[in-house]
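These features come from TrEMBL:
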REPEAT    B:23-61  repeat 'HEAT'
REPEAT    B:100-138  repeat 'HEAT'
DOMAIN    B:100-281  domain 'Phosphatase 2A Regulatory Subunit A helical'
REPEAT    B:177-215  repeat 'HEAT'
REPEAT    B:216-254  repeat 'HEAT'
REPEAT    B:255-293  repeat 'HEAT'
REPEAT    B:294-331  repeat 'HEAT'
REPEAT    B:337-375  repeat 'HEAT'
REPEAT    B:376-414  repeat 'HEAT'
REPEAT    B:415-453  repeat 'HEAT'
REPEAT    B:535-573  repeat 'HEAT'
Amino acid sequence: MAGPGGDMQWCFSQVKGAIDDDVAEADIISTVEFNHTGELLATGDKGGRVVIFQQEIENKSQPQFRSEYNVYSTFQSHEPEFDYLKSLEIEEKINKIRWLPQKNAAQFLLSTNDKTIKLWKISERDKRPEGYNLKEEDGRYKDPNTITSLRVPVLIPMDLMVEASPRRVFANAHTYHINSISVNSDNETYLSADDLRINLWHLEITDRSFNIVDIKPANMEELTEVITAAEFHPHQCNTFVYSSSKGTIRLCDMRASALCDKHSKLFEEPEDPSNRSFFSEIISSISDVKFSHNGRYMMTRDYLSVKIWDLNMENRPVETYQVHEYLRSKLCSLYENDCIFDKFECCWNGNDSVVMTGSYNNFFRMFDRGHRRDVTLEASRENSKPMQVLKPRKVCAGGKRKKDEISVDSLDFNKKILHTAWHPQDNIIAVATTNNLYIFQDKVN
Amino acid sequence: AAEEGGPCQSKMAGADGDDSLYPIAVLIDELRNEDVQLRLNSIKKLSTIALALGVERTRTELLPFLTDTIYDEDEVLLALAEQLGNFTMLVGGPEYVHCLLPPLESLATVEETVVRDKAVESLRKISQEHSPVDLEVHFEPLVKRLASGDWFTSRTSACGLFSVCYPRVSSTVKAEIRQHFRTLCSDDTPMVRRAAASKLGEFAKVLELDYVKSDIISLFTALASDEQDSVRLLAVEACVSIATLLPQEDLETLVMPTLRQAAEDKSWRVRYMVADKFSELQKAVGPEITKNDLVPAFQNLLKDCEAEVRAAAANKVKEFCENLPEDNREQIIMTHILPCVKELVSDTNQHVKSALASVIMGLSTILGKDNTIEHLLPLFLAQLKDECPEVRLNIISNLDCVNEVIGIRQLSQSLLPAIVELAEDAKWRVRLAIIEYMPLLAGQLGVEFFDEKLNTLCMAWLIDHVYAIREAATCNLMKLVEKFGAEWAQNTIVPKVLGMANDPNYLHRMTTLFCINVIVHCCGYPYREITTKQMLPVVLKMSNDQVANVRFNVAKSLQKIGPVLDSNALQTEVKPVLEKLASDTDMDVKYFAQEAISGECLSSSTIVDKLNT
């Protein structure tokens, strides 16, 4: 594909969610994730619900309308709970969703809130049994005296029904809030990370998990950093990384020992002393880490930038992209309104040539790695006519504002795009604004 | 709920209806009941349903229905998979056994491993009931379908079926099966490669030796160097079976390079597997290779940088040494193994030390008296002083091995402080563990040593503040009395136990009663003097206790003592007390007193009377 700043244009495809400006807290989208084929797209929200969209079979007569995503299944994954021992409320908010590689006709995903991870099965049923011995199909009982022969039920076709059923509940292993889950390439284990620990689970065993990283100091007053994200390598089953609030990423090799306290690689960029400020540590905290599909690189997102690291080079990233550098002068007010603690996620496109991440004012950014080009796009109701091409946006960083530019001061910091996802093969992206899910795709000429 | 109300009440007995059909009709309807438990019940009685339907309808109606009901809960599917393995006669015998393949095939593709495994188990079972022709016409195509299925669940299931059909098919089909197995060994998904690796040994066993050498070895080598360590570690298991199949002269070239590589694998999980399977590997490769290769490999595993690996290897120390070739066993142990063992005694990881402590005593029988005294004894003594209670407990629990070789006296000086320390450990589970070894220790140390050094401990546990300890201490008393006899009990135990009857703490007074119960039980009739003269008066006196719990335990004790008393004592001493308790103000006391009166042979003659006449 060509770069997003170059030949390719993105156009609006769909928007999901309520239109009114009144946003119910429970409807706020908290995670977005495509499955491995891209046929299904899952979202989780603050109300503990998971909504799965399915891509329709392509419509041959209207090639410009590529397969749309429609609701396939909706279910309540987590309920609010109360921890009586600690007098703490446990929110139902879905922090992360991860799809499992497909193992049979059904689909499986892991969803997690702060404390409990659940394995869900989403399966289809298109047949139902018919025929009772002792009652009619409508439920009325037959006179038992009339039974002169036995009847075996038969299965007859019915309208497709999609069922979501909880298969496993992985609970009671996290003292702190779970921020990441990641399925291992061995297809039988996964990790879950909270602020201070990472646990390793077997997908079929719920009563036991192994602690593989523990950074909790003996004395909590000595605590200087927390784990912010963790992910398994896409192919090497023994390798995983975790990022910290200090801006470092540690790569661990599970072959070396059972407890991965000692990392095998530490990725860290020396700080530029000229940029040092009160906010340095806060903005260097990594909010997301993602391996590239080919497993050679990983991408990290901190408050102002996206960095691409080559796994073979620990001392600095190979690429750094500024997401919204114009906010550097605004850090003070962003600290006051807590925006500085927003956790932006990031994602790769299917062939690792473009990366995408979110910003404020419902803007999201794409960086074309090969062409060193970037673009700012907006997810908004105004641009939501079918196949409407998204116009690149520009923020004026100071000086004289040109036509079509938006001044930094007029950005709406309540409209933030934290969660985005890219179809594993195609140029289809899902972008979550507060309570809407936008789907965009490249323009087919 | 409506279901239960309906037809069940008007139990059918009509002129037209057939009585015998009704229960079957219910079972069939409940196959699709909303309640899982009812569905499960119906599935478990599937043979009843099939019997009523007859073989033909079972084949044409019931099995097609079951083939499509794979949406159910795991437990129902599991029960179904199991049932179908025993269904041959119900479908019309071996001639029709292939009708069972479709439902089992669909069960072999579900996502739950337990269900798939059960379906495979049933398929393996019914494969034996197929005629050679049916096997090729029906069974083998099913295996191929599973092996080339879209989803890895079906391909993993296929791995378990090759070995059952291979021996019974023609050579062309055999070649196909080998090809399928080869394909699965290099499957894209690690799940399938793991399944293939875990069945490699089993498949090798049914293959002709030439094919083992040509096919299996290359697959084995490939799986053992798989990129995923979860696959490599399964190849270690296959190594055992393959090595047993090959002639000794081929082992060096065909198996050993892979085994050596596994023992030094970069992943600790693979090395752990080697350590865990070490005894099996040792037996499979024979004494010569053991001497040249496995001894150094074992030394390395004992010195491994990962504690999990060291612990697994430490667990195997005794077995490995036992199985060394006898001609130079002692020399190998003394020069190669013992130095590593010595280091493990002061390992930094307590699991390693405790694994070693659970087997190290076994070395004394292999090395004999002199070596034990000179080399092992210092290690035992060091472990008896280990900071970790589990290490000490493991040594103490295996004292019998040393006792046989050098006698326990050598150890007793160090043993005593160790026991005392464990007996007073702050963790009650540790105290509980040492109590359980007391009878064994008492037997080995002898009554004199026991009376002198350990008796006080045993009595102290009776007044421990944790109930589980007091209970275990009571049980310990029983075992000690069984060991040392009633006379010993009378002189050493009974006075102390009875002394506690006046303790200000009612929990201790109850312990007296519990102890009396067990002592009566093991002294029994021949020593009834102890009961009637010493213990009965105390029990009777305790019936005036101010605490109700003590009083109802008196009632319970009297019930236990009853059988060894003569009817005179029962009538004149026990009965009045029980009657008094039966009119107690406390309702529990009343209850147990009445229980005792009705259970007691108060009215009729007792065993004692019968024996006297």
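Each residue, glycine too, has its Cβ placed from N, Cα and C.
Caution: TrEMBL annotation is automatic and unverified by curators.
These numbers come from a predicted model, not from an experiment.
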For the repeat 'HEAT' (B:177-215), distant same-chain residues with Cβ under 8 A (at least six beyond the ends) | 140, 143-144, 147-148, 152, 155-160, 162-163, 165-167, 169, 222-223, 226, 228, 230-231, 234-235, 237-238, 240-242, 245-246, 250, 254
Any residues 6+ beyond the ends of the repeat 'HEAT' (B:415-453) with a Cβ under 8 Å from its own?
-> 384-385, 389, 392-393, 395-397, 399-400, 403, 408, 460-461, 464, 466, 468-469, 472-473, 476, 479-480, 483-484, 488, 492
Near the repeat 'HEAT' (B:294-331) in space but 6 or more residues beyond its ends, with Cβ under 8 Å, are 260, 263-264, 268, 271-272, 274-276, 278-279, 281-283, 285, 287, 337, 340-341, 343-344, 347-349, 351-352, 355-356, 358-360, 362-363, 366-368, 371
Determine which residues of the chain contact the repeat 'HEAT' (B:376-414) at the Cβ level, with the cut-off under 8 Å and only residues 6 or more beyond its ends counted.
-> 341-342, 345-346, 350, 353-354, 356-365, 367-369, 421-422, 425, 427, 430, 433-434, 437, 440-441, 444-445, 449
Checked against DSSP, the composition of the repeat 'HEAT' (B:376-414) is 32 helix, 0 strand, 7 coil
Sequence-remote contacts (6 or more beyond its ends) of the repeat 'HEAT' (B:23-61), Cβ cut-off under 8 Å?
-> 3, 8, 69, 72-73, 75-76, 79-80, 83, 86-87, 90-92, 96, 99
Quick one: average pLDDT across the repeat 'HEAT' (B:255-293), no decimals.
-> 95
